[in-house]
Amino acid sequence: MADYLLPDVGEGLTEAEIVGWHVAVGDTVTVNQVLLEIETAKSIVELPSPYAGTVEELLVEVGQTVTVGTPIIRIDDPNAPAVEAPPRPEDVAAEGPETLVGYGPRETVSRRRRSGAASGSVLAPGHRPPVAPPAPAARPLASPPVRLRARELGIDLNQVRPSRADGVISMADLTAAPAATAPEMPPLKDREYREPVKGVRRMMAQAMVESAYSAPHVTLTVEIDTTHSVDLVRKLRQDPRYAGIHFTSLLLMARACILALRDHPELNARWDGEAITFRRYVNLGIAAATPRGLIVPNLKDAADLSGPELARAIQQLTETARDGRAQPADQAGGTFTITNIGVLKVDSGTPIINPGESAILAVGAIRRKPWVITTKDGSEAIAIRDVVTFSLSVDHRFIDGAIASKFLAQIAAYSEDPSGLGL
Amino acid sequence: MSDLIQLLTTDGVRVEDPDVAFAPDAALLAEHGDEAGVLRAMLRDMTLVRRFDNEATALQRHGELGLWPPSLGQEAAQIGAGRALAAHDFVFPSYREHGVAWCRGVELVDLLGLFRGSDHVGWDPAEKGYAPASIVIGAHALHAVGYALGVLHDGAVGTGDAARDTAVLACFGDGATSQGDVNEAMVFAASYNVPVVFFVQNNHWAISEPLTRQTRIPLVQRASGFGFPGYRVDGNDVLATYAVVQRALEHARSGQGPVLVEAVTYRMGAHTTTDDPTRYRTDDELEVWRRRDPIDRLAKHLRATGAADDAWFAALEAEVEAFGTDVRTRCHAMPEPSALASFDETYVEITPTLAAQRAEVEALLALDETAEVAR
């Protein structure tokens, strides 16, 4: 006994209409005898019998539209394989009516199973075979990419309930499935996420809190015409003594600070509540933004260096820091700090003093601005000049506004006329 | 020349042609005794191939094949050309040359593997001198010319040694003549004078496009544009097709360069099992060609001349029926392919990327295996 399943006579057709039967129950048919005509979306096709024997039952009616894979006629073929036990539900799921691809090579095997199923049920002529969603398959149905994703997520496909009618697990079904192990990365669509604070960030936070809540800060700013400094920088870039150095105005300011600290040692000192410790050396800190966060390495004994030595040392210091190779010793023992906020296109701010120090200078962006100048004949005019802003924060516990202002004025003077810097 | 060469009328009567005569080669005569024996063998060839083709069409309707391109009606063109080939010649077929495959010694059931999804080719192309089916229309004309160029470089042309001189047969249809690849192949073949025969089975329909839309002139006339000879032969006359292709192959083997053969025939069936020809052609047209059936006319000739009697035909009918059943049984028994076959059969040396993908698929299969065992 064998059932003929509606074949896909086109390429990827899913259903066909029964146009007419050429045989009736009780007829004897031979292999390839025309049994019926069907009409698909593409054509009218005669279907030849795969079996020889007596027609037992016509399982579909004329006019009915039938899904590919549905049994349409039962033939008592003595040579057909013996009827096996009814198939388990998973077989139906795996080889159900909507399977369009791949049933060809398995046909011999699967037909027997389905034949068994059909013989166990009573299908009246014209009865529409059930196309209900299949039960979950014991061997889960899923495409290779879905299987791979499931494996990556540690999901057991046996635990996944397919949402598709054909029982095939989709990528979307995986998201609802329980994972064996939590994925390491946070899901992309979280509206918030936490990042543990460690390393450089943690150090920075501790230093800033210690400084801001122990030393009362006061910040002064000054805006000055730095055109001559800019001209000097251009000149020194051509100077053979500074060959191989990317000379910037920051170097001028470092030199200016070192000279000004001689006259205002309070800004190079330290307050510990009992006494003020003055230093006869300058360990000049340069704040550097690195991929890991803000660090402030300092240049030891910066006051002892000549102009070219200072330039080379600062360049080396900042490069080492940006490469993430600054050592803890490089960051310890600083006495005064410069932070170059100009590279961030910012003019001024209220910098927080590095712990263990008493002052910090923020150098702003140099901008072309209208400026009132005094011409040679003593009259005033408006000219376009290079203008920069300095912001100086000091520890107000022992540095008053007068001292800070004098220091800032001296820096400003060097910036306006850098001839005295000895570079 | 645009005149149709014919040696056997639709009534099964032998006629003369001023240029071409039917003269089976020595090997065929030796195998089948005499000319009548050769003709009986050709009728048997055509009948077996038709039975196979009908069975394959039915197998598609049974749900055993994904697709099938029927050769019904083109048997004489294919057997005529196929039997004219020497063993060491090489064929580049399209997907419909079941008769040529048969002549090359390919097991016909092996043609089904590609359409059942259980094999990539099904035979050893080098051993059979028969390349894998080209599904891309006309692309293999270039492969044929490339192979023929290789034959030329091997010096296997024009030596006068019949065991050495080699020809290449490129089989395609009238639709393919509209493809760039085929035209480029013809230009190149002429440029280098390679030993190739372009064998066009003009079956009048490029799926649903009629020949009249493909060309304003007989296809054979295109040969003169490329600068090589062309023959137009009755493709439903196995004698004429054999004679013309035999001459064309000899032309190529002797170093005189490419030849075009237009075999005028008719596709009695659908383009493929997916197609419905009643939508674009008339029953009247089909009836005209039914009267020109290639098998009927040779059978008539053999009966009329007494070369075959009722007993011979009865024996053939029994053989053919058993053959059909055997094809069906062996088709059912084709093994399921390995999912790794695509990796193993595409390149001689697998690329690193494919090797990595192969390992990935292998791991996935092992995973499936595990799930199977766990169940």
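Using the three backbone atoms N, Cα and C, a Cβ is placed for every residue, glycine included.
TrEMBL lists A:1-76 with the feature domain 'Lipoyl-binding'. Marked as region 'Disordered' by TrEMBL: A:77-143. Residues annotated as compositional bias 'Pro residues' in TrEMBL: A:127-137. Per TrEMBL, domain 'Peripheral subunit-binding (PSBD)' is recorded for A:141-178.
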Residues in the domain 'Lipoyl-binding' (A:1-76) grouped by DSSP into helix, strand and remaining coil: 0 helix, 39 strand, 37 coil
Mean of pLDDT values spanning the domain 'Lipoyl-binding' (A:1-76): 91
DSSP residue counts for the domain 'Peripheral subunit-binding (PSBD)' (A:141-178), split into helix, strand and coil: 18 helix, 4 strand, 16 coil
